[in-house]
Amino acid sequence: MIGTDPRTILKDLLPETIPPPELDDMTLWQIVINILSEPPKRKKRKDINTIEDAVKLLQECKKIIVLTGAGVSVSCGIPDFRSRDGIYARLAVDFPDLPDPQAMFDIEYFRKDPRPFFKFAKEIYPGQFQPSLCHKFIALSDKEGKLLRNYTQNIDTLEQVAGIQRIIQCHGSFATASCLICKYKVDCEAVRGDIFNQVVPRCPRCPADEPLAIMKPEIVFFGENLPEQFHRAMKYDKDEVDLLIVIGSSLKVRPVALIPSSIPHEVPQILINREPLPHLHFDVELLGDCDVIINELCHRLGGEYAKLCCNPVKLSEITEKPPRTQKELVHLSELPPTPLHISEDSSSPERTVPQDSSVIATLVDQTIKNKVDDLEVSEPKSCVEEKSQEVQTYRNVESINVENPDFKAVGSSTGDKNERTSVAETVRKCWPNRLAKEQISKRLDGNQYLFVPPNRYIFHGAEVYSDSEDDALSSSSCGSNSDSGTCQSPSLEEPLEDESEIEEFYNGLEDDADRPECAGGSGADGGDQEAVNEAIAMKQELTDVNCTPDKSEHY
């Protein structure tokens, strides 16, 4: 392959894709390798759709793989990473030289300064938390001989506390620690005292003057390979599994994210998670708080599973999306109307850009103020902070320069019709509609879940949003007559796109050394082309292209 131009290969793989000229050959080769090594995408089975199908599978299957992530430990009280007062924020205060929060998981930074990591370690160290209902459900499946393997991305060791025996800790855990120099290994209890006293634990066997003789918990850091145990187990399990259940994971961290595409495609797959995973095709999607969903499944399974239930009430199913409450409708009516302009060549109203940018800023600020004020009165602080961050996005409209030639109002004498709707104008047109979004699950009463045919269920806690016309007032929507589709936000069936998926595509380019042997396969389909198209467009905007597991996945 020496002397071969990777652009030639990319042209053959993706004929309609033209990589930007500024991408170097190394990056292009990484894209080629990523495409060729990606397992083919699985298609949903048409004969498995309902929660009844899921329960039947749980009753009949004997070799179940359960893949778990952050969602199974949310209810255990483990500290949050990203909130205003979370671990990341406090580390930034205590360690101002920390370049970014995730640097504490970088092995090179750890060698230079292990203190940030050990401050974090104290907060989630084993022995402080109890297993969730999800952990207990998996442990009972293990006890009954139904569990083939639990692959967890978490590092909290709660699987062991729950009694799960057939466990693979994909990203390591705090259960043991080993010396960076001599690899001497000890149990977590041997270094507990030092960690809770905020003393960097030292190796008892290495010379005292050896600066790197540090007892590091055996967590997979950036720059380290996954445990060999993961690869060996996956090589065997992929041919034995008869059901895959994903619980509480976004599946954006490779190689674990490749598991659903690496097992035989006829094996049924069930998702239990707060949000959908649009890059994968599950047969049944149970969306919401993981413990709430597992509680309902335990009711339906009966026997020993019913004894695990935290909530004695079995939920009732509804098939019609609940309407907005009167309070929500009143709030929506307070959104400012989008200015309209009747163009000379169209009978339908077209929204235009106010000619004074101060008008935009005023409208946005007023709406933001109303939105935040309402949140502060009606919702807990954590919810206010989360939604305020979303609302803050729309302050960026203030920076739009309406006199910029790239930003043309409808009716402008310059530019053709296709240039009238610029990116900035699209943002302006859509911001009221985005403000109007809210979680469908918040409309459910305490004993309901919503069935969205053919295979999606919305439980409490589901991060699935609605913006359909029957939910929003006409003054706050983008309109239904647009042919361009630029204003159409994702509907109930289409969750908001997460740019981290694009980032994860690039993260995955460099992690081939960590890819399990079972993740073979070749070929590029439409999904590959779309991913590459988006990825190369975002390349210059990405600042972190680490390839090893993202520890924030645990939270």
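Placed from the backbone N, Cα and C atoms, the Cβ positions cover glycine too.
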Segment assigned the feature motif 'Nuclear localization signal' in Swiss-Prot (from 39-46, 319-326, 415-422): 39-46
Average pLDDT across the motif 'Nuclear export signal' (241-247), rounded to a whole number: 97
Sparsest-packed among the binding-site residues, when each Cβ's other Cβ atoms within 10 Å are tallied, from G69, G77, G248: G77
Those residues of the chain, 6+ apart, with a Cβ under 8 Å from that of C182 (Zn(2+) binding site): C203, R205, C206, A213
8 Å Cβ shell about C179, C182, C203, C206 centroid, Zn(2+) site members excluded: L180, I181, K183, Y184, P204, R205, E210, A213, M215
Euclidean distance between Cα atoms of C179 (Zn(2+) binding site) and G69 (NAD(+) binding site), Å: 27
Assigned element (helix, strand, coil) containing C179 (Zn(2+) binding site), judged by DSSP: strand
The motif 'Nuclear export signal' (241-247), counted residue by residue under DSSP: helix, strand, coil: 0 helix, 5 strand, 2 coil
For Q153 (NAD(+) binding site), the number of other Cβ atoms found within 10 Å of its own Cβ: 25
